Amino acid sequence: MAFAHHHLLGIAGLTPPEITALLDLAEEAVDVSRQVEKKKVALKGRTQINLFFEASTRTQSSFELAGKRLGADVMNMSVKNSSVSKGETLLDTATTLNAMHPDILVVRHNAAGAPQLLARKVGCSVINAGDGAHEHPTQALLDALTIRRHKGTLEGLVVAICGDIMHSRVARSNILLLTAMGAEVRLVAPSTLLPDSVEAMGVKCFRDMRKGLDGADVVMMLRLQLERMNGAFVPSIREYFHFYGLDEEKLGYAREDAIVMHPGPMNRGIEIDSSVADSGRSVIHEQVEMGVAVRMAIIELLAKNSLDIQPAELD
Amino acid sequence: MAFAHHHLLGIAGLTPPEITALLDLAEEAVDVSRQVEKKKVALKGRTQINLFFEASTRTQSSFELAGKRLGADVMNMSVKNSSVSKGETLLDTATTLNAMHPDILVVRHNAAGAPQLLARKVGCSVINAGDGAHEHPTQALLDALTIRRHKGTLEGLVVAICGDIMHSRVARSNILLLTAMGAEVRLVAPSTLLPDSVEAMGVKCFRDMRKGLDGADVVMMLRLQLERMNGAFVPSIREYFHFYGLDEEKLGYAREDAIVMHPGPMNRGIEIDSSVADSGRSVIHEQVEMGVAVRMAIIELLAKNSLDIQPAELD
Amino acid sequence: MAFAHHHLLGIAGLTPPEITALLDLAEEAVDVSRQVEKKKVALKGRTQINLFFEASTRTQSSFELAGKRLGADVMNMSVKNSSVSKGETLLDTATTLNAMHPDILVVRHNAAGAPQLLARKVGCSVINAGDGAHEHPTQALLDALTIRRHKGTLEGLVVAICGDIMHSRVARSNILLLTAMGAEVRLVAPSTLLPDSVEAMGVKCFRDMRKGLDGADVVMMLRLQLERMNGAFVPSIREYFHFYGLDEEKLGYAREDAIVMHPGPMNRGIEIDSSVADSGRSVIHEQVEMGVAVRMAIIELLAKNSLDIQPAELD
């Protein structure tokens with residue numbers, strides 16, 4: 001198995017064969033969760049710590065079940081970092097946990113780069129579960145697995161990512177993975193939510209859903225990150241839905257067999273209409289299922305490799 | 001074993017033989033928790049999710065230990081639903097969890113009917129851990145088990161349920177179970193806490209503790225749900241205790257061998273006096289013990305049946 | 001093995017041979033956590049409840065991992081006791097949990113004596129994880145283990161405990177353990193943080209770090225409990241650091257091979273300078289590692305003995 005990494009910090013740095021290998025192992029994990037006894041023993045006697053500086057019920061649950069189904073002891077730690085001086089505490093917290101000999105440290109943090117910083121300081125494998133507006137690699141991997149199961153391959157597909165590109169680590173990780181695997185990625189968003197910098201990532205940008213979705217195999221909606229918008233990015237929710245909310249009419253521009261995706265949790269009636277979200281073309285629930293599978297795969301792979309970690313900066 | 005249900009949504013719908021079968025299996029579970037190694041393997045490799053939209057340390061702990069002693073992977077999820085649009089999010093949260101392939105979903109929600117709604121949407125067994133003012137079936141079952149162990153049977157017993165009947169799902173589930181099993185149920189409460197509708201449930205209503213407790217085999221006190229009273233249901237705490245708080249004098253009207261019950265947590269000095277709560281006639285701690293046993297039994301039964309669930313509405 | 005206690009309520013009451021036996025068993029536990037499969041089966045099928053009335057991510061995590069690595073089912077309960085009437089609820093909560101048949105109850109409470117009170121009421125082993133300003137015995141044991149591993153013995157060592165002695169249960173437990181084992185304990189603090197009563201514990205008191213650290217083998221800094229200071233114990237943080245913060249200059253007065261300790265979490269720049277905290281003389285991370293080991297040892301010992309507990313006051 002050609003997967004020699006100690007950490008999963010982002011999609012950047014993974015090669016297409018590594019991504020393929022990871023998705024192949026995840027396919028096996030799908031079957032594990034569908035059995036009555038949902039167990040592998042790959043992580044027996046080992047310790048996984050979920051260190052969430054940012055709350056996320058859904059992502060944390062997915063990692064928790066993934067770890068438990070692999071046989072690991074899983075410990076959840078929610079750290080409210082509002083009241084702490086950021087940099088110091090982040091490292092002190094992580095090095096303290098590291099002294100308890102975890103094998104896997106799953107980290108979510110509102111600062112881009114936090115998992116990378118930790119990975120240099122600890123003697124275990126670090127998985128980035130979302131860092132600021134930077135990356136959310138397991139989300140991109142579960143999206144890729146879902147697409148591959150429906151379309152057979154990623155290569156040559158037209159994938160339209162729509163909505164709040166600006167604030168989305170999901171978009172960023174997906175762009176990196178999908179372009180690496182040979183898909184054509186289109187971004188569809190109002191100018192205020194579409195940073196100029198993305199053009200350099202080899203994608204096509206659209207302001208009009210009709211043009212952006214024309215002939216798309218996959219329509220991936222993003223959550224409107226209402227809580228992150230401190231400026232006037234969107235004139236009004238109603239107008240946003242009118243121009244960018246996915247309803248049956250706009251979906252009509254995509255291919256007839258196009259699938260609809262959303263990382264969740266959905267703002268129904270804002271970025272997606274319920275008639276589409278609950279339709280037969282929606283694979284949103286399958287994305288959740290694939291999330292557990294992809295996380296089982298990456299935890300298993302990293303746990304094998306973690307035995308050789310010799311952190312340069314560890315005292 | 002005659003227990004063919006996929007869910008436990010309420011006492012309503014259970015037959016007396018089913019209740020008896022469940023209590024019999026719970027008796028075995030009592031022994032498991034009293035052993036040094038408190039383990040069965042009935043749920044090995046299976047997943048139980050405790051989804052609590054309403055906080056309850058005691059009930060959640062009981063379900064958590066029950067699941068763990070059966071060998072399940074147990075995951076707790078506390079969802080604050082204050083800020084979310086209720087209906088949609090409830091279903092989205094549940095169907096998201098369902099996509100992670102749980103076997104058992106334990107649900108507490110402040111809206112009556114929430115577990116029933118979920119049960120139609122998910123592919124796993126749903127256990128109602130309390131829904132609004134509707135039902136709390138595992139509480140009624142643990143009460144029944146406690147009574148049966150002390151009195152040998154439920155049939156023919158006189159059970160007085162006292163206090164805030166109006167807001168009590170515990171009362172409602174107990175009325176259903178006890179009348180189904182042939183006990184005589186009396187309700188004792190001030191008029192403002194005793195809805196007219198209960199008369200139709202085949203019970204006798206009393207405003208006077210002396211009359212209501214006369215000859216009772218079981219005195220079941222309810223918690224005064226102070227946090228749910230937005231009107232003037234009770235003139236004052238002091239007056240309430242004077243008329244309806246269980247003290248030694250009022251208990252004197254019951255049978256000499258009457259047992260005293262309370263679902264907990266107690267408001268000492270409000271609905272029950274400490275001299276009674278801590279006396280030899282109190283079986284309050286035993287109720288807690290029976291709670292773990294009853295939950296082990298129902299989880300085990302449902303997990304067996306869950307393999308056949310084919311939800312009609314599941315996509 | 002000469003360890004016949006049912007509970008660990010404090011260092012007071014432990015004999016030097018008992019302490020030595022506990023540390024010896026903890027040495028074995030160190031190796032368990034350093035293995036790939038970090039598992040013993042001493043607590044298989046048994047139940048540990050962490051009952052924290054006071055939040056402590058670090059201590060609770062340490063107990064949680066210790067219990068899980070011993071094979072126990074571990075359940076965490078965080079109880080916010082701000083809104084509850086203290087005495088009654090403490091006992092009701094504990095006796096309720098006791099009815100669920102735990103084997104080990106780990107208790108942290110902001111009232112001195114709370115674990116002792118509980119221990120008389122429950123039928124399981126109680127471990128004090130910190131009670132008010134009274135004791136924190138597992139912290140003293142992990143400190144002792146860390147020191148012993150570096151110095152070979154505790155006897156005859158000079159240990160300087162510096163900082164907020166007044167509010168520190170860590171200091172109190174350490175004084176008891178270190179003096180019992182034959183170390184010379186010095187306390188270094190401003191007068192306002194150094195209660196007169198400690199003189200009776202057989203220690204020497206200093207107001208000047210230079211004199212207090214002179215020739216010390218171990219420099220143990222305490223956390224400045226900013227949240228507990230409701231009076232003017234310290235003129236200013238800046239001045240405090242100037243006189244009592246451990247920096248390289250002050251550390252220069254200790255022996256050349258002196259080690260630096262801190263129970264964590266550190267207030268960097270207040271009671272300790274980063275240059276010292278992160279230096280090769282700091283054993284702060286090792287303290288965390290020893291914490292898991294010591295807790296594994298005490299849980300294992302108590303679980304063996306818990307089978308004989310017959311609480312006099314238990315109904």
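Note: Cβ is positioned from N, Cα and C throughout, glycine not excepted.
Not measured: the values here are computed from a predicted model.
Site annotation (TrEMBL): carbamoyl phosphate is bound by C:Arg58, C:Thr59, C:His136, C:Gln139, C:Gly264, C:Pro265, and the candidate from C:Arg108, C:Arg186, C:Arg207, C:Arg210 recorded at this site is C:Arg108. When the binding-site residues C:Arg58, C:Thr59, C:Arg108, C:Pro265 are screened for a C-alpha within 10 angstroms of the C-alpha of C:Arg169 (L-aspartate binding site), no residue qualifies. Fewest other C-beta atoms within 10 Å: among the binding-site residues C:Thr59, C:Gln139, that description fits C:Thr59. Cβ neighbours of C:Gly264 (carbamoyl phosphate binding site) (same chain, under 8 Å, six or more residues apart in sequence): C:Arg58, C:Arg223, C:Ile284, C:Gln287, C:Val288.
Looking at the domain 'Aspartate/ornithine carbamoyltransferase carbamoyl-P binding' (C:7-148) alone, the prediction's average pLDDT is 92. Taking the Cβ of C:Arg58 (carbamoyl phosphate binding site) as centre and 10 Å as the limit, one finds 17 other Cβ atoms among all the protein chains shown.
The secondary structure of C:Arg108 (carbamoyl phosphate binding site), as reduced to three states from DSSP, is extended strand. Among the binding-site residues C:Arg58, C:Thr59, C:Arg223, C:Gly264, C:Pro265, the ones whose Cβ sits under 8 Å from a Cβ of chain A are, in sequence order, C:Arg58, C:Gly264, C:Pro265. Taken residue by residue with DSSP, C:His136 (carbamoyl phosphate binding site) is part of neither helix nor strand, so it is coil.
Residue pairs drawn from C:Arg58, C:Thr59, C:Arg108, C:His136, C:Gln139, C:Gly264, C:Pro265, the listed carbamoyl phosphate binders, are separated by up to 17 Å at the Cα level.
A coil conformation is recorded for C:Gly264 (carbamoyl phosphate binding site) in the three-state DSSP classification, outside any helix or strand. When Cβ atoms from all protein chains are considered, those within 10 Å of C:Arg169 (L-aspartate binding site) total 21, not counting its own.
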